[in-house]
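Now, the feature entries from TrEMBL:
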TRANSMEM  20-38  transmembrane segment
TRANSMEM  50-70  transmembrane segment
TRANSMEM  82-102  transmembrane segment
TRANSMEM  123-141  transmembrane segment
TRANSMEM  147-170  transmembrane segment
TRANSMEM  234-257  transmembrane segment
TRANSMEM  269-286  transmembrane segment
TRANSMEM  292-315  transmembrane segment
TRANSMEM  327-349  transmembrane segment
TRANSMEM  355-374  transmembrane segment
Amino acid sequence: MVVATMAALCYQHYGLGNAAATLLTSLFMLPWCIKPVFAPMLEKQPNKKTSLLIIQGGLVCVVSLLALTANTSFFLPLSIPAFLALALLSSMNDILSDGLYLSNLSETEQKRYVGLRSGFYQLGRLTVKGGLLTLAVVLASRTSYPVWPWFFSLLTLLLVVFILFHLLFIPNTHQSRPVPEEKYLRIQALFLQKKWHTPLFFIFIYNLTDAQIQKMLPLYLVDPQGIGLSLPQFGALYGVFGSLALISGISFAGYLSSRWGTSSCLKKLTFLMVPGHLFFFLMTQIHTYPLIWVFVLPGQFIAGILNGAYMTYLLRIANQSPYPMSMYTLCTSIMALSYIVFGALSGLIQHLMGYPGFFLAMLAASSLPLLLTCKMLEPSLAVSPGKSANTCDNPINFC
């Protein structure tokens with residue numbers, strides 16, 4: 001959240017244009033694409049809790065550096081390697097936390113709690129872009145200290161609290177799945193099997209429009225050429241209530257997935273992509289602040305529904321592999337790559353077409369992932385009732 005969105009807002013505050021800010025912050029996500037390189041090594045760690053705490057300690061150090069330099073003349077050049085380091089440590093944190101989730105819960109429990117898991121992820125985003133940002137603005141208005149040093153200082157304190165919480169409550173031992181003693185390259189070779197190519201391509205294309213909208217939406221809301229919200233208004237609309245709408249959508253998708261099954265849920269819910277993008281386009285036609293809520297919140301709710309169904313699909317793909325943590329890491333890396341590629345294009349498209357043209361283009365482009373979902377998840381590709389999903393030779397479709 002800090003690297004992908006808050007950094008873009010920070011750079012816009014320091015005078016960078018949308019094209020440069022979106023390109024730079026999209027490139028910051030590269031560490032999430034190389035997670036498969038070191039995922040097998042982390043999967044073999046005997047004590048994932050210790051590794052997790054060490055990495056989170058590194059996060060505290062980097063964010064502290066940003067807090068100390070945010071009010072200096074050399075913040076911009078220093079922030080680039082700092083955000084890259086933050087992204088690398090965060091991606092490793094993702095691998096270990098995903099591994100703890102996959103190894104401590106059964107496949108049924110993973111599916112049951114995917115909505116809750118994604119909901120807490122979005123709750124973290126809400127805390128950062130809503131609570132911390134709003135509190136930083138309040139503190140900055142009452143002191144002579146600018147907003148962004150306050151923001152990174154508060155984030156540092158929050159990370160310290162999380163480290164203490166994890167130290168106390170994460171179990172030292174967990175029931176891990178038996179992993180065959182194979183070498184690093186043997187695990188990597190698993191990803192080259194042809195049966196994984198089609199679902200991984202689908203994972204990449206599915207975010208064609210959402211990656212661009214979620215990158216451009218916060219910039220549009222605060223840009224004077226867009227809505228021109230103040231930071232407190234932005235924190236309330238996008239940070240707090242927008243995140244709550246996302247969390248509600250994700251939780252609802254988790255419930256539907258447990259009732260309908262992964263394939264049916266994803267296929268049915270993807271049809272909501274068109275009205276969801278339509279809300280964002282209509283938002284550009286009305287510039288009255290109270291009415292913006294009518295379009296942003298339903299759009300974010302639908303985005304949450306789509307994200308919840310999509311993440312359930314990723315978990316199901318991971319459980320088809322003998323190395324679930326490494327496979328889930330690969331899936332999320334492909335997802336991150338899609339956000340890098342499409343997110344980097346969003347600033348250029350907006351620069352060429354303007355904000356209304358950009359959101360209209362996303363509405364038109366939503367037909368591609370919709371058609372691809374219908375094609376990929378045809379009933380003829382489904383797993384037969386008498387065959388276990390874990391032994392299915394075709395990982396594209398799941399009952």
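A Cβ is built for glycine as well, from the same backbone N, Cα and C atoms used for every other residue.
Worth saying up front: this structure is predicted, and the values here are computed from it rather than measured.
Between the transmembrane segment (50-70) and the stretches 123-141, 147-170, 269-286, 292-315, 327-349, it is 147-170 that has the most C-beta pairs under 8 angstroms. Recorded stretches compared: 123-141, 147-170, 234-257, 269-286, 292-315; the one with the most Cβ pairs under 8 Å to the transmembrane segment (355-374) is 269-286. Between the transmembrane segment (82-102) and the transmembrane segment (269-286), the number of CB pairs under 8 angstroms, six or more residues apart, is fewer than three, so the stretches are not in contact. Only residues 6 or more beyond the boundaries of the transmembrane segment (234-257), in the same chain, are considered here, and those with a CB under 8 A from a CB of the stretch are 111-116, 118-119, 122-123, 125-126, 128-131, 133-134, 137, 217-218, 221-222, 265-266, 269, 292-293, 296-298, 300-309, 311-312.
Packing against the transmembrane segment (123-141) from elsewhere in the chain are residues 1-2, 5-6, 147-148, 150-151, 154-155, 158, 218, 231-232, 234-236, 238-240, 243-244, 246-247: each is 6 or more residues past its ends and has a CB under 8 Å from a CB in it.
Sequence-distant contacts of the transmembrane segment (20-38) (same chain, six or more residues past either end, CB-CB distance under 8 Å): 3-5, 7-8, 11-12, 80, 83-84, 87-88, 90-92, 94-95, 188, 191, 215-216, 219, 326, 329-330, 332-334, 336-337, 339-341, 343-344, 346-348.
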